[in-house]
Each structure stands twice: as structure tokens, then as C-alpha cells.
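These notes are about the structure you will find just below.
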Amino acid sequence: MSHAHPQKHPSTKRDVAQAAPCPPGTLSLRVSFAASKPEDRKRANNNRTASQQYELSFIATEMHLGKPFEGLVVPRSPLYPPNIISLTNRDTDTTAGEDSTSSAENERITVDISDHNGKTTAKHGDCQKQTERDAARGALLIYPTKIDNLRRFRILFAGVLLSISSSTQGIHSIFGVLLLQQAYQFSVREMTVVYLSGVSAGLFALPFGALYDWFGPRVVVALGSIIAALGHLLFALTFGGHIPHTVVNCAVFYAVMCWGCYALHVAILPAVLTHMPRDRGQPTGLLQTFSGLGASLFACLFRGFFKDNFENLMWLMFAVTLAAGAGGAWYLEDAPYVVNRWRQRGITPREQLRAYLIRNRYMSQLVPKRRYAIMAVILVLLNCYLTIQTVCVAYLAADITPGKLRSIAIGAIAITLLILVLVVPLDSIDGLSEQDKQVIAAAKAKEEALRVMQEERYRQRHLQARQAQRRRSKTRQEEYGQPCHCPDEVGQ
């Protein structure tokens with residue numbers, strides 16, 4: 001069932017399609033069409049624009065009483081407003097999507113037309129909606145501006161840094177075994193209580209998911225970084241002797257640390273994947289790998305620079321978490337086509353259309369693969385390096401000096417810094433994607449066709465000029481009775 005409502009202000013800035021001034025004797029209405037049958041409603045759910053409004057221009061029926069009402073209704077599709085994308089340049093041979101809209105075209109509508117005084121002047125019910133075939137039906141429209149692939153990789157780099165900072169919860173394997181058990185004389189049961197308190201904090205990560213849906217990743221990253229940094233701060237004060245090292249305190253502090261790290265996990269992965277909607281596997285593997293390698297990296301740094309000094313290690317993780325959180329809260333964001341609930345409250349139809357076109361652009365423009373291949377090599381190298389150094393330090397502890405441990409830590413830092421390749425602003429690293437190659441090949445083919453056509457036109461014009469010169473020479477010869485040598489005859 002459809003309903004129509006008079007439009008008192010047809011030219012508002014919030015409308016997607018600006019309604020043109022109505023000629024005398026017409027009335028501009030806004031009509032929303034909704035499916036009336038279950039199967040129609042199911043099909044309408046597949047098209048997100050099914051609930052959009054149409055701009056209809058009705059001619060007063062008292063001026064055309066003998067004409068059918070169906071012929072006086074001319075709806076305009078909200079997907080393709082004429083002031084944004086012109087219908088004149090579209091191909092009219094598109095046939096896709098006819099089955100999905102066949103039921104909507106046969107839908108019965110009821111329209112009440114009111115005059116300027118608010119009184120109903122005519123009512124037409126149970127009439128078949130006869131509309132002209134949309135010339136753009138089945139066409140994929142995308143945003144005209146190309147996506148900056150370098151910004152995509154910068155977003156991925158921010159996600160990698162946040163994944164490393166969120167892996168600090170795994171540092172429990174260091175201070176849990178070396179400090180809590182040996183220095184503080186915690187039993188296995190007490191250490192288990194401390195560890196399980198941190199793991200159970202993952203049960204309370206749901207509020208951060210709700211915050212992500214409402215406000216996006218920046219709020220979640222900021223809160224998660226602050227909470228995780230608070231846990232590191234409390235542990236640093238505990239290991240420094242400023243807070244008693246009881247089982248309850250260690251359990252609460254570790255739970256706070258893990259809660260902040262779980263909050264970062266909630267926001268990092270979905271935010272990065274919005275920028276790479278068709279390349280989800282490689283970014284996911286990259287982020288998850290660094291979330292596991294971060295603890296091994298901090299353990300390597302602990303042996304090289306913080307020999308049995310857990311307080312300084314916690315201060316380092318406190319600084320790293322705050323720095324990564326500040327950078328992520330400033331730079332990490334969803335793709336422009338993602339509309340969170342806060343933004344959805346005041347979004348206009350024009351912005352909805354723009355988000356739809358940007359989404360099509362993100363879905364059609366793939367991410368270059370060369371940087372992914374380089375990152376895969378770096379990950380394999382870093383994984384092998386950390387694994388080998390762990391085995392060597394464990395079995396050759398008596399032969400390894402503090403200088404060698406420091407050298408091993410510096411090597412781990414150097415390999416980790418290779419991930420800066422994600423933010424190097426060189427297009428030569430990415431190379432051309434398959435889509436760019438196809439576009440360039442099509443452009444070269446078009447250029448060659450234009451060159452051949454230009455040569456053919458030049459040849460035709462040259463032949464026409466020669467024929468015209470011959471005709472003029474022949475005419476002069478007939479008029480004056482004297483031969484007139486044209487350039488062709490002289491050449492011969």
C-alpha cells in the first residue's frame with residue numbers, strides 16, 4: 001500500500017532530487033512505496049533504496065477528467081536524481097533487475113490529492129502504476145573519485161601498531177613465571193587466579209562493541225588504550241613497591257589490562273576491513289599475526305634492555321600503549337560509506353546516495369597486492385627470528401652475554417621497523433592493478449582507434465581537396481580555353 005502526502009516545500013536542501021517548479025495546474029507530491037505482500041517485502045529488503053521517497057508531479061484531475069490517471073503519474077527514481085547523475089548519458093539497453101522490480105511495477109497505489117486549502121479534491125484507488133522503464137536499471141554506479149590506496153595501507157599500519165600494543169596482555173608469561181612465582185612466592189593456584197581474572201575480562205567486551213556501532217572505532221580505541229595503559233601503570237607501581245603485591249591486587253590489575261586489550265581487538269579489525277571489503281583475508285592474517293608476535297617482541301626487549309627490571313618494562317608498555325592509542329584515535333576510522341548510528345540520526349538522502357556510491361567504489365577498486373607480498377616476507381622473517389632467538393637463549397643461556405642479548409633485541413627492532421613499507425609513498429611499490437591495466441589497455445585501444453580515424457579523415461579531406469582542385473581547373477580551362485596546370489598534373 002502506498003500513501004502520498006502533499007509537499008509544501010518542494011525545493012529543500014535535504015532532498016536528494018530537487019523538485020522543479022510546478023507549472024500552473026499541477027501539484028507536486030512526495031510518495032513512499034512499500035511492498036504489500038510478503039514476497040514483495042522480501043524483494044524490497046534486497047534493495048536498500050526501496051523505502052526511499054519518489055518525487056511525483058500530478059496534474060489536477062479536474063483539468064483532465066477524460067484521461068486515465070495512470071498516464072499523469074511520472075515518478076523519478078531516487079537512486080538516480082537528475083541533478084547528480086544525468087539520465088541522458090546512460091545506456092538504455094540494460095535489462096538486469098527486471099525480475100526484482102516486476103512485482104513493484106504492478107503494485108496498486110492509492111493517492112489522495114489535496115488542494116492548497118487541505119481539502120481532498122480527488123481520490124484514485126486500486127489503479128495500476130504504469131511507469132516508464134528506468135534507463136539506468138541494472139547499471140552499477142560508483143563514486144567518480146578514485147580511492148587513495150596509500151591511505152588504505154596507512155590505516156592498515158595504524159591497525160598493526162594497535163595490534164602490537166594490544167598484545168601486551170601476553171606479557172603475563174614473563175612476570176607471571178619469573179616475578180610472581182620466584183620473587184613474590186605465589187603458588188600455582190594463586191598464579192592461576194591472576195591469569196583467569198584477565199581471561200574472564202573478555203566476557204565484558206560487549207559494551208565496546210555497542211560503542212563501536214554507535215560512534216565508530218575512535219572512541220573505542222581511545223577508551224581501550226586508556227584502560228590498558230591504566231593496567232600497565234598499576235603494575236609498574238606494584239613492581240616498584242608503591243602498591244602491595246597481593247593476589248587480589250595483581251588479579252584486578254591484570255583484569256584491567258586485559259579488558260583494555262580486548263577493547264582494542266573489538267575496534268581494530270572491523271575498522272580496517274571496511275577499507276578493504278574485498279580483501280579481508282590478508283589484512284586479517286596480518287593483524288592477528290602481530291597481535292601474537294607482540295608478546296614475543298616485548299619478551300625479546302625485556303631480555304635485551306630490562307634485565308630483571310619489571311618496573312621499567314611496564315613503564316615501556318605504558319608509553320607504547322598510550323602512543324599507539326593516541327595515533328589510532330586520531331587516524332583510525334571507518335570507511336566513508338559506513339554510517340554509524342550516531343551519524344544515521346541526521347543523515348540526508350543525498351548523503352545516503354553518496355555513501356552508496358562510495359561503497360560501490362570500494363567494492364570495485366581492489367587493493368594492490370605487492371605490499372602484501374612484502375609484508376608476508378617480513379612476517380616470515382620476524383617469526384623465524386623470534387623463534388630461533390628464543391631457542392638459542394633458552395639452551396645457550398650460559399654462553400650468551402648481556403651484549404649479545406642486546407644485539408638480539410636490536411635485530412628484532414630492526415626487522416619490526418620493516419613494516420614501515422606500508423606507509424612509504426611510492427606508487428612504484430604497488431605497481432598497476434589488474435583494473436588499471438585493463439583501463440590503460442582500453443585507453444590505448446581507444447587512442448589507436450582515434451588515430452586511425454583521424455588519418456582516415458585527413459585522407460578523405462585530402463582526396464576531396466584534390467577533386468575540388470581538378471574541378472576548378474577544368475572549369476577555368478573551359479571558360480578561358482587555356483590549360484591550367486594543377487599541382488597533380490605538374491607532378492605528373
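Here the Cβ of each residue, glycine as well, is placed from N, Cα and C on the backbone.
Among the features that TrEMBL reports, compositional bias 'Basic residues' is placed at 1-11, 464-474. What TrEMBL records for 86-104 is compositional bias 'Polar residues'. Per TrEMBL, the feature region 'Disordered' maps to 1-28, 86-105, 464-492. What TrEMBL records for 155-180, 192-212, 219-239, 251-273, 285-306, 312-332, 372-396, 408-426 is transmembrane segment.
With a threshold of 8 Å between CB atoms, the same-chain residues lying at least 6 positions outside the transmembrane segment (155-180) that come near it are 186, 190-191, 194-195, 198, 221, 224-225, 228, 232, 235, 239, 250, 254, 257-258, 261, 264-265, 268-269, 271-272, 275-276, 283, 286-288, 290-295, 297-299, 302, 308, 310, 313, 317, 320-321, 324-325, 327-328, 331-333, 419-420, 422-423. If you look at the transmembrane segment (285-306) against the transmembrane segment (408-426), you find at least three C-beta pairs under 8 angstroms, all six or more positions apart, and that counts as contact. Contact between the transmembrane segment (219-239) and the transmembrane segment (312-332) is supported: at least 3 Cβ pairs lie under 8 Å, counting only residues 6 or more apart in sequence. For the transmembrane segment (312-332), same-chain residues at least 6 beyond its ends with a Cβ under 8 Å from one of its own Cβ atoms are 154-155, 158-159, 161-162, 164-165, 168, 171, 174-175, 217-218, 221-222, 224-226, 228-229, 232-233, 235-236, 239, 260, 264, 267-268, 271-272, 298, 301-302, 306.
Outside the transmembrane segment (408-426), and at least 6 residues removed from its termini, the chain residues within Cβ reach (under 8 Å) are 150, 153-154, 156-157, 160, 297, 300-301, 303-305, 371, 374-375, 378, 381-382, 385-386, 389, 393.
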